[in-house]
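Copied from Swiss-Prot, the annotated features are:
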type: COMPBIAS; residues: 258-292; note: compositional bias 'Low complexity'
type: COMPBIAS; residues: 300-310; note: compositional bias 'Basic and acidic residues'
type: CARBOHYD; residues: N57; note: N-linked glycosylation site
type: CARBOHYD; residues: N87; note: N-linked glycosylation site
type: CARBOHYD; residues: N143; note: N-linked glycosylation site
type: CARBOHYD; residues: N216; note: N-linked glycosylation site
type: REGION; residues: 247-310; note: region 'Disordered'
type: SIGNAL; residues: 1-16; note: signal peptide
Amino acid sequence: MAALLRLAVLLPLAAPLVATLPTSPVPIAARATPHEPVFFSWDAGAVTSFPIHSSCNATQRRQIEAGLNEAVELARHAKAHILRWGNESEIYRKYFGNRPTMEAVGAYDVIVNGDKANVLFRCDNPDGNCALEGWGGHWRGANATSETVICDRSYTTRRWLVSMCSQGYTVAGSETNTFWASDLMHRLYHVPAVGQGWVDHFADGYDEVIALAKSNGTESTHDSEALQYFALEAYAFDIAAPGVGCAGESHGPDQGHDTGSASAPASTSTSSSSSGSGSGATTTPTDSPSATIDVPSNCHTHEGGQLHCT
């Protein structure tokens with residue numbers, strides 16, 4: 001009986017405690033201020049297409065854009081071939097010897113995925129060099145290091161990758177600038193934002209590129225010519241004529257070069273020049289605005305006024 005009385009006394013005290021307990025959870029929003037979402041884009045402002053100057057008309061722009069797209073396609077496949085086969089690839093060893101693959105992969109990837117803000121293609125011939133015989137374009141050098149001029153000759157002489165391994169084309173026997181893709185790859189490597197002052201001319205022409213690879217020097221995987229030749233042969237063998245390609249044979253060291261006299265650039269800084277040490281060759285910009293220059297017997301000139309001596 002006494003126990004029941006004590007329970008009766010305690011029940012009124014416990015009832016308010018039970019009544020104050022919540023019957024359902026309080027929404028989180030009512031208990032705490034939610035964090036504001038953070039919007040962050042690490043690549044904000046990235047430029048993913050090569051800029052083309054307003055001096056290019058509609059047809060010029062379309063051709064340059066298509067050529068640049070093919071340059072990216074050529075570089076992308078070269079990179080993919082290396083990533084798949086490494087230096088087990090016979091084509092890789094042919095052009096790069098036993099060099100590690102990372103440098104060549106990077107040289108192609110910067111064309112494919114690098115930011116393109118500091119590259120500009122134009123058509124208005126600001127330095128006057130398109131008037132020089134045989135010029136299809138040129139890097140503007142110190143006049144404007146990010147700019148490349150495409151001259152009218154390019155529109156009538158460059159071919160598309162779909163025609164590779166036809167019309168007598170071979171990798172060894174034809175010029176690297178046969179195609180828009182490889183011509184623009186070469187021009188891009190002169191621009192600091194792409195070549196970064198590292199891709200350079202250490203060998204000239206097919207035979208020197210092959211000799212450089214056989215020497216296993218350190219230059220082949222950042223030699224402009226080697227990078228072009230490898231990309232062309234890998235594309236020819238894998239894509240254009242699968243399993244067959246069109247490697248061809250060299251026509252000799254002087255193929256495609258003027259060994260007599262050459263027109264000089266209209267300004268001292270428009271040649272795509274640099275020095276190399278890998279093959280004992282030197283590359284010297286022509287530095288006079290005169291109409292012609294004498295070329296030593298051990299030298300020849302590239303399109304764009306570049307003097308290359310061995």
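The backbone N, Cα and C atoms fix where each Cβ goes, and this holds for glycine too.
Features recorded in Swiss-Prot, as mapped to the structure shown.
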residue: N57; record: N-linked glycosylation site; contacts (Cβ under 8 Å, 6+ apart): C123
residue: N87; record: N-linked glycosylation site; contacts (Cβ under 8 Å, 6+ apart): R93, F96, N98, R99, P100, T101
residue: N216; record: N-linked glycosylation site; contacts (Cβ under 8 Å, 6+ apart): G97, N98, R99
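When other Cβ atoms within 10 Å of the Cβ of N143 (N-linked glycosylation site) are tallied across all protein chains shown, the result is 16.
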